[in-house]
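Okay, so here's the structure we're looking at.
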Amino acid sequence: MQQDKINLLGLNQKAIEDFFISIGEKKFHARQVFKWIHKKGVIDFDSMTDLGKNLRNKLKENAEIVIPKVVFNKASKDGTHKWLIDVGGSAVETVFIPEEGRGTLCVSSQVGCTLNCSFCSTGKQGFNRNLSSAEVISQLWIAARTLSKNNGEHDFSVTNIVMMGMGEPLMNFENVVPAMDIMMDDLAYGLSRRKVTLSTSGVVPRIYDLLEQSGVSLAVSLHAPTDSLRNEIVPINKKYNIDELLEACKLYAEKGPHKHITFEYTLMEEVNDNLSDAEQLIELLRSREVPAKINLIPFNPYPGTPYRKPSNNRIHRFKEFLQHNGFVTTVRKTRGDDIDAACGQLAGDVMDKTKRKERYLKKLGDKNAI
């Protein structure tokens, strides 16, 4: 019985070296192939010209390099790109945001999301599955190739990665960490730990694991200054409360690549955007002695949501209050909203990307058939 071929795309350098040893080849060939895939964008073994013919044939027998299909690539009038990527019958989205001197790629980690935050459109799709490490890194591979063609130079690029797309990355730890290893490998994309940011809603045990095994920059989706409010809008808070979360954040700031944690705070009118909320947020972060930067995200409305985006005056007032109290505070610019690529909008053109309804109807049909 023929064994399934291994997809080399998602293997970090250590794993691809182990694979080459397992087929009786030397480690340095693994590094050659690794570089061909990620540095040069070559996925055909026969095009890897510094490999011998016998090795190329052996690789074709035992391995493959599979890139998911791009369903579409949309470009916004502000230069933002959004890719819809087919991952075995479901779909995920990846967004590239160009700014002066940098280009940020927002990468998805799951098909849908398990956490069901009340204000997030992605969570309304339900959850299908975790992405493989190959599916995670393929988003960067696809973006790098597309952007180099658009700009006529291979090195235009993605300078920063944010694991802030669809899904909770720390709920897919085993696949996200190897993919981030590839992002930071000098034989691949060569990004520093400071340039790769993982955003979590607060899977506290995995924050400690992340510090030990990866140490990329950390952002935390806080969104509320009290447990009572956070329990309502970020349900994982019922399992890992704010005290536990900030204790992990404090250690991460001490040991991680940045000496601060970025706290993301989605502003929703009359929910968490009052000055009393800002006062509580300041007291919370000061009392826990967590070095913090605060990134305010004006809510992006989507069909059926009960929440509203605050007025510009309310956003400005909240930001000014935090700044006057000594906190570095930014307001995230809304980018790509004309192609549903703005933060919280990654449910996009095909609302049921996780096939939730389809799976439910099939299950119902199977039960009726019994």
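From the backbone N, Cα and C atoms, a Cβ is placed for every residue, glycine too.
So that you can see what the record holds, here are the features copied from Swiss-Prot:
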- Glu93: active site, proton acceptor (ACT_SITE)
- Cys113, Cys117, Cys120: [4Fe-4S] cluster binding site (BINDING)
- Gly167, Glu168, Ser199, Ser221, Leu222, His223, Asn300: S-adenosyl-L-methionine binding site (BINDING)
- Cys106-Cys343: disulfide bond (DISULFID)
- 99-337: domain 'Radical SAM core' (DOMAIN)
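Features per Swiss-Prot, on structure.
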residue	record	Cβ contacts under 8 Å, 6 or more apart
Cys106	disulfide bond	Thr94, Val95, Phe96, Ile97, Val162, Met164, Gly165
Cys113	[4Fe-4S] cluster binding site	Cys120, Thr122, Gly123, Gln125, Phe127, Met166, Gly167, Glu168
Cys117	[4Fe-4S] cluster binding site	Gly123, Ser201, Ser221, His223, Ile233, Val234, Pro235
Ser199	S-adenosyl-L-methionine binding site	Val162, Met163, Met164, Pro169, Ala219, Val220, Ser221, Glu264
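Our reading of the S-adenosyl-L-methionine binding annotation (Gly167, Glu168, Ser199, Ser221, Leu222, His223, Asn300) yields a largest Cα to Cα distance of 19 angstrom. Summarising the environment of Gly167 (S-adenosyl-L-methionine binding site), the number of other Cβ atoms within 10 Å of its Cβ, over all protein chains shown, is 29. Here the recorded positions are Glu93, Cys120, Ser221, Asn300; the one with the fewest Cβ atoms within 10 Å of its Cβ is Asn300.
Taking a C-beta cut-off of under 8 angstroms and a sequence separation of 6 or more, Leu222 (S-adenosyl-L-methionine binding site) has the following same-chain neighbours: Arg230, Ile242, Leu245, Phe263, Glu264, Tyr265, Leu281. Spacing of Asn300 (S-adenosyl-L-methionine binding site) relative to the residue listed as 'active site, proton acceptor' is 17 Å (Cα to Cα, whole number). Annotated [4Fe-4S] cluster site Cys113, Cys117, Cys120; additional same-chain residues within 8 Å of its Cβ mean position, judged by their own Cβ, are Leu115, Asn116, Phe119, Ser121, Thr122, Gly123, Lys124, Glu168, Ser201.
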